[in-house]
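Engineer: Structure provided below as C-alpha cells; questions to follow.
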4 protein chains.
Amino acid sequence: MSHNTFGHLFRVTTFGESHGPALGCVIDGCPPRIPLSVEEIQADLDRRRPGQSRYTTQRQEPDQVKILSGVFADENGRQVTTGTPIALVIENVDQRSKDYGDIKDKYRPGHADFTYDVKYGIRDYRGGGRSSARETAARVAAGAVARKVVPGLVVRGALVQMGPHKIDRNNWDWDEVARNPFFCPDAKAAAFFADYLDGIRKSGSSIGAVIEVVAEGVPPGLGAPIYGKLDSELASALMSINAVKGVEIGAGFGAAELTGEQNADEMRHGNDGKPLFLSNHAGGVLGGISTGQAVIARFAVKPTSSILTPRLTVDRRGGETDLITKGRHDPCVGIRAVPVGEAMVACVIADQFLRHRGQVGETGHWPTLA
Amino acid sequence: MSHNTFGHLFRVTTFGESHGPALGCVIDGCPPRIPLSVEEIQADLDRRRPGQSRYTTQRQEPDQVKILSGVFADENGRQVTTGTPIALVIENVDQRSKDYGDIKDKYRPGHADFTYDVKYGIRDYRGGGRSSARETAARVAAGAVARKVVPGLVVRGALVQMGPHKIDRNNWDWDEVARNPFFCPDAKAAAFFADYLDGIRKSGSSIGAVIEVVAEGVPPGLGAPIYGKLDSELASALMSINAVKGVEIGAGFGAAELTGEQNADEMRHGNDGKPLFLSNHAGGVLGGISTGQAVIARFAVKPTSSILTPRLTVDRRGGETDLITKGRHDPCVGIRAVPVGEAMVACVIADQFLRHRGQVGETGHWPTLA
Amino acid sequence: MSHNTFGHLFRVTTFGESHGPALGCVIDGCPPRIPLSVEEIQADLDRRRPGQSRYTTQRQEPDQVKILSGVFADENGRQVTTGTPIALVIENVDQRSKDYGDIKDKYRPGHADFTYDVKYGIRDYRGGGRSSARETAARVAAGAVARKVVPGLVVRGALVQMGPHKIDRNNWDWDEVARNPFFCPDAKAAAFFADYLDGIRKSGSSIGAVIEVVAEGVPPGLGAPIYGKLDSELASALMSINAVKGVEIGAGFGAAELTGEQNADEMRHGNDGKPLFLSNHAGGVLGGISTGQAVIARFAVKPTSSILTPRLTVDRRGGETDLITKGRHDPCVGIRAVPVGEAMVACVIADQFLRHRGQVGETGHWPTLA
Amino acid sequence: MSHNTFGHLFRVTTFGESHGPALGCVIDGCPPRIPLSVEEIQADLDRRRPGQSRYTTQRQEPDQVKILSGVFADENGRQVTTGTPIALVIENVDQRSKDYGDIKDKYRPGHADFTYDVKYGIRDYRGGGRSSARETAARVAAGAVARKVVPGLVVRGALVQMGPHKIDRNNWDWDEVARNPFFCPDAKAAAFFADYLDGIRKSGSSIGAVIEVVAEGVPPGLGAPIYGKLDSELASALMSINAVKGVEIGAGFGAAELTGEQNADEMRHGNDGKPLFLSNHAGGVLGGISTGQAVIARFAVKPTSSILTPRLTVDRRGGETDLITKGRHDPCVGIRAVPVGEAMVACVIADQFLRHRGQVGETGHWPTLA
C-alpha cells in the first residue's frame, strides 16, 4: 500500500474529498470475465450509507455509484469485467459546507486537521476533506468487486463491543447482523446498545467500538512472506480505516497471556481426509500464510472526535481557543466501520489470491504432499 | 511491503534460512553520506543475539555482520553510505540441523510448517527455514541503518507484559531496559519475570508477551494518507514479525472504551510558540500523519509453539501423530522481539521520512501556517 | 510502472475505453500548493484533441476535462493542489460505436484485438476499447500537472520524420511547431508533409513517424540507478504509447556507429563556474542520471493499422476472412503522439524529481563538491 | 523497476560495486520446486565472464557464484527452489584499484563519474563503483533463474552490428554464436569483426554495437497494459544496461518508414488450427501483449568511454584538465552485453508470466474463444 493505492495485483486507488464534487476509485488488475453489475456494488454501498438510523450521521447521501470503465457485455449480453481498470464514481450531493466555516482555521482535537496542515500547508477543511471517513464509500465499492474475485469467499463483519460493553459470543447469530442498526450479531446486546447509544448521542458525546471480521472460504496458502504476510496486510488495511487504533488476528492480544500448550492449534484429519485444525487461536494464519480455516480479524475504533463539549485547541494563526464540533456526525463511527472492514479484508484476500496464483499457479503444490 | 521487501524509498529486502549458509539484507535507497560503521550495526545485532541468558535459546550464533557494498570512505576517510545498495550478510554458524530430522515430515502445531508446505510444496524444515525468527537478525541490521536516516530520531522498545503480568508503568525507567535480560523498564517486574520465566522454561512450556516501542524525535507530517498512513505501515511492519498477533497505536484497543471527551488530545501552545498536545491518546498519529509527539506502538507476541508437551498433529503423508519440539528455543520469544520491533519502527519512519521529503520537500509547508 | 499506473511518488493511474462513458486519471503524490487550474490542463488537451485538421481523425471530441478532487482554494483564493489525489475525468461524446459492429469478432491485423482476446477472453471492441490511443488523453491531462512539479522545466516535442522523410534540423524553429498541423519544427518540411500526407490519406493508407522530445531545465542528479535510471524510465514511458516501436536517447542507435573519441562529451567550466558539457551525445543522461543538459529522447511510431486496403485475418470463431478498417482514423498517428510524448517525459521527470528529493534532500550534495 | 530492484512478482534486487568485496542479487518471488543448480547459473555467468578473448577486458574474474538461500533438496534429493528469496553472491577477486587513483577526483567524459557525484556527493571511484558494467554479472545470474520459470522459453542474443558494419541476416546461424568471441551469428561478419576490432583495440579506441535478442516460446497473452506493457518493460530493462542508448521492438525505427499495408502482420490459421501471423513486424507484441510469435528486441550500445586518447574534462575541485583512461577495458562493450540482454529479456518475461498467471489464471481465457 502506498499513498492512495492499496494492493499489488488487485490494486485499488481512491480519490475524493468529503465535500468535493465526487469521490470514487479505480480498481486495476481485476481478473476478466467476472459478472459485475452496478446493483451489486450499490448493495454494499447501501449498507454503509449514512442517514439510515438515528445512530449515524444525518447527512443524506444517496451514494449512487456509476461504472465509468472496465465492464462490458460478454457473448451472452451479461456485464462482465474486462481485465481493464474499473472506475467507479459517487457524486457528493448533500454538502453543507457552511457548517465548517467555523473550523476553517482551527484544529479540531483528535481530527487530522492539524497534521494535514503541517504536512501539506493546505487542506480542504470542509467535513475533513480527504481525511473524512466519507472516503470509505470508495473502499466499500472496491470491496464489492473484490468479494467476487475469490470463488467461495464469504466476508462478514460484526460489531462486538461498544464502549466497555462486549457482546455475549454465545448469542452470535450472523442473521441478526442485518436486523439491527449496529451490525451486532447478538440481539440482546443490540437492544442494550440502542439505549446506550441514545444516551451518548443526546449528550453530544461519542463512544468507541470493536469490530470483528470473519472471512470464510479462504483457500490455504495465501500470503507472501516475509513482508507481504496475510496478517501483516490485514493489519495494514484495517489500521488504514479512519479512527482505527488497534488490530488483532485470532487470539490477538489475548495470545500474550497464553502458554504454548494453550495457544497451539492441534491437527488431525477431517472426514474428507484433509488436515483439520482442532482450534483457531491463529485466526486462520500461520507464518503469514492462510491455513484454510476462517480468517479472523478484529479492530478497535476510537470515538469520533466531533463532540458538543468544548475542547481546548489552537488555530492556524498561532492563537489559542476552544471548539465544539457542529455539523452532522456519527456518535459511534465504529458502526459504519463494519462494512468498511469487510471491504478491506476482501480486498486484501483478493490481492493475495492473485499474487499466490501468480507465484505458485492455479493448483498450488498441495498435490505433491500426498 | 511485498514478498521479502519492505519500504518504498528506504527499501529493505531480506533473505536466508535458519540453517542455510547465511542470511542478510539489501538496503536500497538509503541517503548518501551517512556515517556508517560495521560496529554500529553489530551493536544492535548483539542486543538481539541468542544465547546471552538462560531465558533465550542456547543456540550460539556470533551474528557477525559483514558489509558487502554501499559504503565507502569520504574525503576525510570516514566510512559513509554512498546512496547505492548496502548489502549485509551474517553467516550461520551453530546449525544443529539433525535436531530437526524428526519434524521433517510432521507439521509442528502453531508453526508455519503446514502452511509453507501447502503454499510451496517444499520447505527447508531445519529450524523453520525461512519462517524462523532467525530472519529477524537481518531486520535488526537494517534497522541500525534506518535509525541514522532521520536526524534526532530515537527509537526504544520495552517488554511491558509477560503472560498475564503487566509491568507497573509508574516504575518505567528506560535505563533499566539494558540492565535485565527481558528488556523490561520496571526493575521490580524484571525480578518477578526472572522467577516466572524460570518456571515456564523448566516445565518445557512457553509464554506470550507484549512489547511497547516508543519513537521520539519523529518530525510532524510523516505519513502518506490514505493507504500509506504512518500507523497503517507500523501495523504492517510489526504484524510481520514472527509470532505477533496484535498491534495497537496510542490508546489502542483501550480507545474503544473511551468517550470523545476522554480520547481527544487537546492543544495549546508550548513555550517555544509551537502547537503542543496536552495528552497522547493518539500515539503520535492523527489521520495517518505524525503529530510531532512520541509515536507509541504496542504489539502482542504469542508463546513460541516449540514446547516439550506432546501435541496432536499430522504428517506430510497423511498420517496422524503427535509431536514434542526438541531443539533450542526461546521460552518467551517476546523478549528478543524487542530489538526487532525497534528495528521495524525505525525502518518505517525512515521510509516515511524520505517519502515525505520527496513529496513535500525539505522544509515542508509549516512556515505557511504562520 | 505496472498495470495502469506509472510513477512511484508522482503516480498516475488512467482508466477508460474509447467508447465507454468516460476516461480519466488519478494523479497521486502531487506536491501540495501548486497552482492548478482546469484551463491549464485543457490547453494541453486541446493540442492533442482530434478533429482539428484533415490530417487527424474526424471524431469530434471536445475533451473537456473536469477536476473531481485534489484542488482547493488557498488563503488567497487561488486554486492549488492539496497533496491529495487529483482525479480528472473526460467524458466521451462522439462515439459511433456502430462503426465497429463489423469487427466485433474479427481481429484487425496490427491492432491489439487478438492479444486482448487471448489475454482476457473479452474485450470492448468499440474503437479498440482500452487499447485505443484515446487513452492518451488521460496521459496528456496528467502531463499538464507534471509539468508544474519541477520548477523551470520546459518539455517540448516535435515531429522530425514522416515515413522516410526527415526534417532538416538546420531549419529547427520551436515556434514553427504551433503553426502547422504536424507539430513540425521545420516549416519547409511541414509544407512537404501536407502534400505527402494528403496522398496517404486519400489512398486510405497510413504512414509512420518519428517524434523528438526535448526537456530543458532538468536539474542534474535525477535518476535512480540501477533499475530506475532516468533513461530506462523514459524508454518505458515512451514505449508504452500506442504504436511506438522504438526509443532512443541522445545519439541513440547512431551511437553504435561511433568511436569512443566521437561519442564522449567533453567537459569544461562555463562562465558561471559550473561544469559544462561541450556536446550532448548522451542526451542529458549518464549512468542513468541527468547531467543538467537538455534531456533528448526520440521515439518511432508505426503507421496506424486501420487502413482501407483489405488485409487477411481470422475471426473469433476460427474462420479465415479479410478486413478493411472503416471508422475514423489518423493517417499518421505519430502526429498526435507529439503532445503525448511530452506528457510522458514530463511525468517521468516529475516522478524522478520527487524521488531524488526524497533520497537526497532538497539541496542535494552538490555543495560538497566545491 | 525502481532503484535497484526490477520486476513485480519475479523481483530481482542487485547490489555491489566493481571493486568492493562482492556483488550479487536477491531473487524474490521465484516459483517453488524449480530444479536449480549452481552449475546452471555458472554456465550463464561464464558466457559473460571477462578475460576470455583479447576482445574483452583482461581483468581476470572467475565470477564464481554461491547460492546463500532459497534452494533446498526435494523428496528425491534434487536441489529445487523453495519459493523464498534466492540470494546469489559473487566475490570480486582481481581488483587493481590503484589503476583508478588518477581519476579519483576527475570526471571521465562519457562515464557516470560526474552524475554520481552530483547526485550523491560521494562515489566509489574504483572501476566505476556501482556504475560499472560489472554489476551486470548479477543480472546474468538472475537471468539464469528466470529462464527456468517459463516452460519452453528460449532466449538467445546475438551481436548484429559493430560500428557501422551490419551482419548479413541471410547468414544467420544460431550455432555460430557460440563459435566466435563476438556472439555473432554470421561467421563471415565475425571474421571481419576480428580484424576490425583488433584495429580499434590497438589504437586505444572503442566502438559501439547493436545486439538483437530473440525470445521463443513466449506464451500469448503476456503483458499488463497500459503501463506494464511487455514492450514497455523490455525497453526499460534493456535501456537500463550500461551504455545502452536505444531500444526497438520488431520493425523498430524502421516501422516509421512503412505504410499501414506494409507493416500490418496478416493472420491465417496454422496446421494446428491456431491463429498464425504471416509476418512479424510487431516483434511479437501487439498492444503491449505477446502474440505468441517470437519476441524480438534490439538495443544499441555506445562505445565504451574508456579510451587512450586524452579528452577534456574537469575535476571535483573546479579545475580543468584532460584525461586518458587507463585500466582494463572492453574495446566494444556491446559484445559482453549479449548475455546481459538475454538475461534482462528472460527476467521481464518471467515476471510478466507470473503476473499474467496471477490476474488471469493458469489456463487463461483462450478456450472461451473457441
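Using the three backbone atoms N, Cα and C, a Cβ is placed for every residue, glycine included.
Pasting the feature list from TrEMBL:
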- C:ARG48, C:ARG54: NADP(+) binding site (BINDING)
- C:ARG130, C:SER131, C:SER132, C:ASN242, C:ALA243, C:GLY287, C:LYS302, C:PRO303, C:THR304, C:SER305, C:SER306, C:ARG328: FMN binding site (BINDING)
Engineer: Listing the binding-site residues C:ARG48, C:ARG54, C:SER132, C:ALA243, C:LYS302, C:THR304, which lie under 8 Å (Cβ to Cβ) from chain A?
Structural biologist: none
Engineer: If you count Cβ atoms within 10 Å of the Cβ of C:ARG48 (NADP(+) binding site), leaving out that atom itself, what do you get?
Structural biologist: 24
Engineer: Among C:ALA243, C:LYS302, C:SER306, these being the binding-site residues, pick the one whose CA is nearest to that of C:ARG54 (NADP(+) binding site).
Structural biologist: C:SER306
Engineer: If you measure C-alpha to C-alpha, which of C:ARG130, C:SER132, C:ALA243, C:LYS302, C:THR304, C:SER306 (binding-site residues) come within 10 angstroms of C:ARG48 (NADP(+) binding site)?
Structural biologist: none
Engineer: C:ARG130, C:SER132, C:THR304: which of these binding-site residues has the highest Cβ count within 10 Å of its own Cβ?
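Structural biologist: Top count of Cβ atoms within 10 Å goes to C:ARG130.
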Engineer: Taking Cβ atoms only, which of the binding-site residues C:ARG48, C:ARG54, C:SER132, C:THR304 fall under 8 Å from chain D?
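Structural biologist: Contact set vs D: C:THR304.
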Engineer: I'd like the number of other C-beta atoms within 10 A of the C-beta of C:ALA243 (FMN binding site), please.
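Structural biologist: Result for C:ALA243 (FMN binding site): 24 other Cβ atoms within 10 Å.
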Engineer: Can you check what DSSP calls C:ARG130 (FMN binding site), collapsed to helix, strand or coil?
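Structural biologist: DSSP call for C:ARG130 (FMN binding site): helix.
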Engineer: Within 10 Å of the Cβ of C:LYS302 (FMN binding site), how many other Cβ atoms can be counted across all chains shown?
Structural biologist: 32
